[in-house]
Structures are given as structure tokens and as C-alpha cells.
Amino acid sequence: MFLYNLTLQRATGISFAIHGNFSGTKQQEIVVSRGKILELLRPDPNTGKVHTLLTVEVFGVIRSLMAFRLTGGTKDYIVVGSDSGRIVILEYQPSKNMFEKIHQETFGKSGCRRIVPGQFLAVDPKGRAVMISAIEKQKLVYILNRDAAARLTISSPLEAHKANTLVYHVVGVDVGFENPMFACLEMDYEEADNDPTGEAAANTQQTLTFYELDLGLNHVVRKYSEPLEEHGNFLITVPGGSDGPSGVLICSENYITYKNFGDQPDIRCPIPRRRNDLDDPERGMIFVCSATHKTKSMFFFLAQTEQGDIFKITLETDEDMVTEIRLKYFDTVPVAAAMCVLKTGFLFVASEFGNHYLYQIAHLGDDDEEPEFSSAMPLEEGDTFFFQPRPLKNLVLVDELDSLSPILFCQIADLANEDTPQLYVACGRGPRSSLRVLRHGLEVSEMAVSELPGNPNAVWTVRRHIEDEFDAYIIVSFVNATLVLSIGETVEEVTDSGFLGTTPTLSCSLLGDDALVQVYPDGIRHIRADKRVNEWKTPGKKTIVKCAVNQRQVVIALTGGELVYFEMDPSGQLNEYTERKEMSADVVCMSLANVPPGEQRSRFLAVGLVDNTVRIISLDPSDCLQPLSMQALPAQPESLCIVEMGGTEKQDELGERGSIGFLYLNIGLQNGVLLRTVLDPVTGDLSDTRTRYLGSRPVKLFRVRMQGQEAVLAMSSRSWLSYSYQSRFHLTPLSYETLEFASGFASEQCPEGIVAISTNTLRILALEKLGAVFNQVAFPLQYTPRKFVIHPESNNLIIIETDHNAYTEATKAQRKQQMAEEMVEAAGEDERELAAEMAAAFLNENLPESIFGAPKAGNGQWASVIRVMNPIQGNTLDLVQLEQNEAAFSVAVCRFSNTGEDWYVLVGVAKDLILNPRSVAGGFVYTYKLVNNGEKLEFLHKTPVEEVPAAIAPFQGRVLIGVGKLLRVYDLGKKKLLRKCENKHIANYISGIQTIGHRVIVSDVQESFIWVRYKRNENQLIIFADDTYPRWVTTASLLDYDTVAGADKFGNICVVRLPPNTNDEVDEDPTGNKALWDRGLLNGASQKAEVIMNYHVGETVLSLQKTTLIPGGSESLVYTTLSGGIGILVPFTSHEDHDFFQHVEMHLRSEHPPLCGRDHLSFRSYYFPVKNVIDGDLCEQFNSMEPNKQKNVSEELDRTPPEVSKKLEDIRTRYAF
């Protein structure tokens, strides 16, 4: 079995975010890392929408990311620390839209190791040096400079190693143009290591150490070190030189401290806490991330606590000495992994879990009544300030980036009866959790819908003048009339536009600079800017059946297949070409391309005929109306559309932006198929045809503009958009009802919209999330969803949600009541009334936990619910709250053989589980009966068990439960479940159970899979095979009777299969002593499974399912990852395909090595050597290679570049999208 890996949706969780001017213009951009992906985002300063400019897979783990700018430069570079053992400096090239590797210096081994640098990066604020550090011991400093040609150069590394030292954080200190300096949070563990009593370990202190790079001596010295009172978790650089006092802020538990050299005394200020917080009062508070904003006149920091509260931190200085730190509560946003304050006044928040946000900073919070806390205020040691959290006041949300991270569970099923299956994804954490329903398609925003007086058959938009940015008229054609609407604040009917209203319209367009043309069945109407009208009438009884128009040309087909060609002369007159062209059959459809910039005319006309052919006809004056080429079609054409697509933006000498792309002829057939063919711009030849089936209706094609490039809207029983995005073609359905006719639409409110008609309504639509594979509907949940099952009859979902360190609703209410009573009791006689009012206000206050976070209850505190949900409407039908410290871990829906048709839900619950050191007071299996057509849970009984029931699976009319490391068969009893049989020989802890026939495949938390056979006659569970590798299995899926696919905690996917000679018939041993099964092999079962395939995905996979994703497609193995990625593994159907892709992968490894310097083969073989899998993500980078490299690779494969990319597209569309 050979598989091909494809990513459908890249990881969405963000681990690092940096900002700067990466394209060299004044625009602010953000570079984010999503595990093994680098992405460049550009927030539009006018609309606030975030656009993705570039996404690159780096095939390595990005461990740190920094931006720097050389002194006097205008462009930021990116320095990346990864697991490749190399430091890499990247530059973004806007002309090619790619990251270019400028420098790659090797310094150590690959892999994420504790003493190989890469975990921490720090840059001197003036861009003169960069320090790259390991978690332990090693630190290297590289000096950055320019050569004579102003190119960036990098020195050889200077060492600043110190053995037995752990590093917690590193920053560059802003010292102006003095020798560059770096500050590190370190801890020396040498004494603690050598002291057997453990006393030294208890007294070990963290130190703040400054390293100075002496540029004169080219040497790094350890300048200064001092022990810290509290344990710091990160450092913030304070602007220095002429901008500020320099030094660092140390964020530690409960305090923030300012430190600098010389006579500067330490300034420390406690971190304020929420008033009346339900959190455990003993729990400390830390800052988790920060962002700095610096202008010429001032600077401030925004720092966020682990509850999500952002504080604005300012420093008061007196002659370069800091005198106090001031903190002011700013706003509360979800807890971030990284924050960036952009110069354009935006705050980008990359959330730890869930969606990411872009906020506009509306106020700086200087002049509001929020109290300001200062280090100068007198406080007892151990006391702190209190503030009241509130909804957003200084920030305004302007954009939200959908993120599925973390996906904890996923099932694929067509519960909504839509032909195409939906993905039901449980994601998020705590109160920000959600169940999301993903459908393949682009999200459509409806801008306006208006009723029309009848059912129109076509719609167009035209501009008044070629220089206009926006459209002026919408023209709607009916069976016997034409309606003209003007576009302004509102859309109104106009009568003086010059259009003929008493006839249907075939087409209309802007002609030349400022004239309009209307083609109707009896003639052509040319309307000048001063409302003069020229008409051309059809001869005799002939009428116009089809037409094609652009800015300078009009072609019409008369009845009988006669073509008449008009072209505009320099004076703005429409002139008919002297000859007419008779076609051999009736014309069904025609298309002209737009006139290329700087040219007089479009050279080609495409004509589709009844005889199932499409012909390209020249419009060049030298051979006008001469046929150039022809293509036979499998069915009759319905519509044609010539577009220029896939171009990269180029700037010419005058700075004019234009794009150089390829001409494509799109052909929509009457049988619902779309063909895309390359049209040669010189000869007019047609080549390289791609085919896609779109739906059951004939395909109509319309040209629209998306992100400044031409795109094609194709309408069949579903509407599809064909567009080029990041050097790849996308053909994506729109998640919207069926449309009949459309045209591009540009107005002030909606610069790149679509106007469309559907029955008797006119709709204005916008597509904002180009490049998105899925559109999603999210239903909020209360705690982190762990697993869910689908009830087969009602299609409802039964979800278990569990959170550690959390209170149940009942405990929360109880704690609040208790705190309110304490408030009243603590008050003196005269303050009683005031205290009572405060207590009442506190009880009534209800801040949404999805924004403000849930209170942290402490270790060993659990909260759980069981929810029954309708997945289509997303409404909760039933909710069962479990008691405090009961944690639901497993769920199953099953029927018992002795109870007939009733469905039961079993939920495995742990009681008082403490994770570290692990202890558990036992567990229960709750049994519920599904009543009321699967909408309500009726509690039957709970069965006590001695360990955590982490896996439940129905089995032959009974149920299998993994209780800790015991595998048991239970049956339903009146008062509880009855134990029928057990096996005690599983190694550690059962994390999953799959069943097929008499076989049970058990996943162990550390020891991979164990195959068990149930013998009915002797009522025994007997282990007959296991795996030879230890695998920390997270999820498994059965592929057939002998084969199982599994994933582990470290990001690997494997497929293991029992060899054909495996014997599970224990009864057949004639001697009766069952010797084979008792013998054992390699400390395990007597028979071993074989590994069919191994592959390192690079993200922890938490669900696997064998399914088909598109109607009529083939089966594939779909996986989802913790970081929000969705991918598939698809089998090759032929040897030659496998051979071809193996060679593509081999050539790309050498011709197009990964961006961060990691070896592709060793990345995919991180834990186990990669076996029988070809990496489609690498193969698809073929499309983004430079054309000459593409040519070299395809010549090695005896193909042309279009043939190679066609193969890549075909394998993708056969299984997915």
C-alpha cells in the first residue's frame, strides 16, 4: 500500500507573530508562524480586513521568529530559529511573492535538542547583531552588516556558552549605538545537581545576566549578573538611546520589575488582580505576553495577564533614571500567544486557542476614570492592587481570523443530507470551545437583496467612464424589457440613460473611454457620453442570437451562423469590418478577452458551435475572421469565457502595476462539466485541458474581479469560483443558494462584489475569505469538548465536555454566595449597607467567560457536562451537569442484545483524578437511556469501577470498557452494568478500543496496538498479537479486518497490518494446551504485526477516519491535528502514478529544499523512517518554483510543466478539493 499525503486545511494555531515592513514599502505587515508554516499577513489600514499574502510550508519546526532592520534601512528581514540546527535569514520579495533565503548558517545538530540553539532569538534593536540560544548551555551571537553592494552579510558565530545553565528568555537591550547587549534570564543548576540533600536545589535563584558584544574586539563578554527575588518568566526591552531610559522589565509571578545598570535602583510594582475573583487566592498572577509601541515622542507597553487582561505600562523618568512604573487596566481580550501593536493603530492578537483578532486601538486610555496603579503607591509586602474588568472600551474589533486550533475530535458525516459530507469538529478550550460544522466552500456575505417586478434573465454592470473606480449602472434584462438602475447610496431606476427599455438586452458594455453599447435582438445601440445615439439595425428578417463585447470590439452572430465584426476607430466610431464570416453550424456562445493594456484590440474570438466544437478566430487586421484553431468537445458548449489568470504582479518602469499571466479559455458544457484550456497568445492554439464536473445543470460562465485579478464565476446547480491564489488555481463552490446569472460589481461599500439574479431577486454578494477551503458555522460549548458520538437514528450528537482546573456551575454559584456573605461580614457597623449593595452587585455581575476566562479552581478540580445537540440547528436538546470533580473521559452509544430496540448512552467518568502525581479515587460508568427520539437522556444507573474508564465500545450486543489497564465485557443489568469477562494483560492504560467481528483492537497509551480475540464458548478475552514498536497512541481507525491506522502524541501516523499467516483460532490446537498463545515473544504476544506505513505529520493527530469527501470520489484517510490542520492520505491506484510522484518528490527535495534548512526526508522521518508515503505538500510546491527550475524538473520526468501540474491537480480532485 502506497499513500500520498495532502493538506486540505493548513494549521490555524499561531505560535509566534512579528510585525514590520517586510515588503520594503511603508505598509505594516505581520509574519506569523503556525508550527511548520510561515505566513505573511497584511491588515488593510482602510477596511481593517487581514489579507494573507503568502503561505509557505517550511518542513521543520519553527521555534522562534524575530524581525530586524539594518540601521538606515527601509526593509525588515526575518530571522528564524528552527529545528534544523541552522540560523536562517529571510527576505520577502514582493515582485515574486516569495520568501528568499539570504543566509543559512549551520551551527549544530538537527532536531529540538536542549543544547542546540534555536529555542530563543534576540535581536539588537538597531539591527547590528542577533543572539540565538539553546535551552541549556549554548548561545551564539552573529554580527549583521552590509557589503559594498548594500547586501546583508552575517559574521561567523561568536560563542557565549555557559555550562550547567538553563535559559528562560533572551532579549536584546536597547543601548543606542553603544556595544550591543543582550539580557538573559538564567538559572545555574550545577550546585543543585551535585548536592544530594536537595538543599541547594531549594535555594537556587534565577539570575538576570547581561552579555555584551564588543564590536572592537569581536568578542562576547558576560558583563553583569544579579540574582532575582522572584522567578521571572519573560523580559521586555525598554527603548534606549535617545528614545528612552534603556534597561529591561522583568515579568515575574505577581510583580513587574524594572532593572538597569549603574545607579538605577530596582523599581517594582505588583500586578493588579481582579476584584472579587473566584480564582484560588493562593494562585499567583503572571504576564504571558506583551507588545511595545514606540513613536518619536513616547513609548508604552501592553502586557497581558494569564486571565486575558491587558495593562498599559508606562515609565516615569527623571534625567534618564526611571522613578516609577505605572500600570493601567486597558481592556480584556482572549489570552494571546503573541501580540503586535502596528503603527497604523491596530492591535493584532494571536490567541493561544480559538480565533485570532485584529483590534483598532480607538483610545489610549489616558483620560478615562480607570484608576492608575503605580510602583510609588505604598503597599504592604504581599499586597496588590485591585481593578474591575469590563467590556471593551479602548479597543474596537475590526476583523476575526477563524482558527480551528485545537481540534480535539472530528467526525465526518452527511447529517444534513447535502450529498457532500460535513466535518463536525470539536475545537477550542474551556469557555471558548465550540462545535464547528465545516462545509467545503467559500463564505458569501450578502450585501443586499431586492425584489424585482418579474423573473429577469440577465444582469450586467457598467461604468460611465474608463477612469471611474466604481460602476454607475446595473442593467437587468427581462423577456421583453430592460431595466436600468443607477448605483449610489441606494439603487434606483433611471430612464434617461440612453438604453432602449422596451426590448430584452443580449449584452452591454463600456465602449472606449466614455461611451456605452447595448446589443439587443434587432440591432446595436451606441450611446455617446453626450447622450447622442448611433444605431445599427439587423438586415432583413435576421436577428442577433449571440454576441461578445469588450471595451473596443463588438462581435455578433446573426441567425444562420453569420458573424459580423465591429471595431472602434480612434475617433470613437464603431465600424463594421467589410467581410462577414459564415460559420458551418449555428453559434451557441461566444467570448472576447478584455483588451490588454496598451493595445488596440483583443486578438482572439472564441466561438462555440452546435456541432460540439469550439473555434478560435483571429481578429487581427492582417487575417481578420480567419480560423486559427479548433477543439472538439465531449458535449455541446453552453458558454465561453477568455480570462487572463495566474499572473504575478509586475511593476514597469513608470511604476504602473500590471500582471503578466496566461490566457485561459474556460468552456462550460451543457452536461455540467467545466473545461479550462490554455490559449497560446501568439498562435491561438489550444492546449493543456483540465476538466471538472460542477453539477447537473449547464454551466454558465461570468468574468469577475477578485483581489485585483480576473476570475471566473461558473454557475451550474451550484455556483463555483475559479481563481488564482498564491500561485495555485482554486475552483471552490460558493456556500450559497443556486444563482442564474451574474456580473462583477464595484461600489464604494463593496469594491469587489458580484451582482447576481436568482428567480425574481437581485442580490449583491461579496467573497472575502479567498483561499479558505471550508466555511464554518460555530456552536458554542461550555467546557472543552473531548469526544462525541452520533446517534444513528436521530443524527443528534452526544458530546462530553470536561475541563480541569474548573468549577461546575453549582460550585461557582456557591463560591459567589460565600464571597458575598464574607463581604458583608467583613464590613464594620457603619459600612454594612454599602457592603450589602456591593455584595448584591457582585452577585448580579455576569461577565461572559468566553472573553474574560473561567475561574481557575486549582489542581484536581474537574467540571463536566454531557450535551445532546442537534448538529444542523446547533441547539442543545439536553444537558446533564456532572458533580464537581467528576471528569467524563469516554462516551459510546449502543444497543444491548437483551433490551431490544432501545439506544443507551454510556459515559465513563473519573472521580477526584489528580494528574501529577497521579492518583484517582475511582470511576463510574453512567448509563442513560435515549428517549424522546434521541433528544433526552434518562438516567438509569451508575456503575462504580476502580480506575478511569477511558474507552468504551459496543461489542456483540454487550459493551467493552477499558478500565485503566483492564479490558472488560459488561452487560446491562437492572441496578448497574454486570461484569462478564476481563483481561488483565494490557501493558499500561487503555486509551481506545476498536472492534470488528470477534476481534478487539486495543490502543495502549504507550505500547501501540494489542489484538484480542473474544472466545464466546469459554467467555475469554485472549491476546493473540501486538506491535513491535512503542507508540503513544492518540487515535485509531480500522481500515479492514487485518489493518489499522493509528496516530501518536508526537505527530506520526502509521498503518499496521497483521501478516496473512496470523492465527487467532485458539480452539484449533489439537493438543489442547494452547501452547502457542502462552509462549509469547519479545515480552509480548506470540505474533507480531507488520508496519505498512510510517509518516511524520508534524502536528499531534487526534482523529482519523476512513471516508469519502466528495460525492463519487474515492475513499481516503482523513486526519485532523491539534493545531487545527486537516489532511488526507490517499492510496495510489497505479504503479506508474506512484513511480511518477516518487520522482517528483525526489527532484523537489534537491531542487527546492525547505526554507528553514531542515532536510525534508529527515523531517518526515522524525521518529520512524518514512515508509510508503509521498509528501503531496512538497510535490505541490512545484507550482511555486521558478519557471526554469520547473522546466528542468519536468524534463527529467520526460514531461512538460503543464503536464506535471495537471497530474498534481488530478490526484487532488479525485479524492478531495
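Using the three backbone atoms N, Cα and C, a Cβ is placed for every residue, glycine included.
Of the candidates Thr503, Thr1200, Swiss-Prot records phosphothreonine for Thr1200; the remaining residues carry no such annotation there, which does not rule it out for them. Between the listed ranges 83-101, 425-443, 691-709, 786-804, Swiss-Prot ties the annotation region 'Interaction with SF3B1 and SF3B5' to 786-804. Taking Ser156, Ser405 one by one, Swiss-Prot attaches phosphoserine to Ser156. Feature annotation (Swiss-Prot): of 720-741, 918-939, 1028-1049, 1072-1093, the stretch labelled region 'Interaction with SF3B1' is 1028-1049.
Remark: of the recorded positions Ser156, Asn916, Asn988, Thr1200, the most isolated position is Asn916 (fewest other Cβ atoms within 10 Å of its Cβ). A Cα-Cα distance of 43 Å separates Ser156 (phosphoserine) from Gly284 (site 'Interaction with SF3B5'). In space, Lys1171 is the closest of the recorded sites Gly284, Arg429, Asn916, Asn988, Lys1171 to Thr1200 (phosphothreonine), judged by Cα positions. Between the alpha carbons (Cα) of Arg429 (site 'Interaction with SF3B5') and Asn988 (site 'Interaction with SF3B1') lies a span of roughly 27 Å. Considering only the recorded sites Glu306, Glu352, the Cβ with the fewest other Cβ atoms within 10 Å is that of Glu306.
Between the recorded sites Arg429, Lys1171, Arg429 has the most other Cβ atoms inside 10 Å of its own Cβ, all protein chains included. Between the region 'Interaction with PHF5A, SF3B1 and SF3B5' (145-168) and the listed ranges 193-231, 786-804, 1100-1123, the one holding the most Cβ pairs under 8 Å is 193-231. Spatially, by CA atoms, the recorded sites Glu306, Glu352, Asn916, Asn988, Lys1171 include one closest to Gly284 (site 'Interaction with SF3B5'), and that is Glu306. Nearest to Glu352 (site 'Interaction with SF3B5') in space, judged by Cα atoms and limited to the recorded sites Glu306, Asn916, Asn988, Lys1171, is Glu306. Looking only at the region 'Interaction with SF3B1 and SF3B5' (193-231), the predicted model's pLDDT averages out at 94. For the region 'Interaction with PHF5A, SF3B1 and SF3B5' (105-119), the residues of the chain that approach it from at least six positions outside its boundaries are 61, 63-64, 81-87, 132-140, 142, 154, 157, 167, 1157-1159, 1162, 1166, judged by C-beta separation under 8 angstroms. Between Lys1171 (site 'Interaction with SF3B1') and Asn988 (site 'Interaction with SF3B1'), the C-alpha separation comes to 28 Å.
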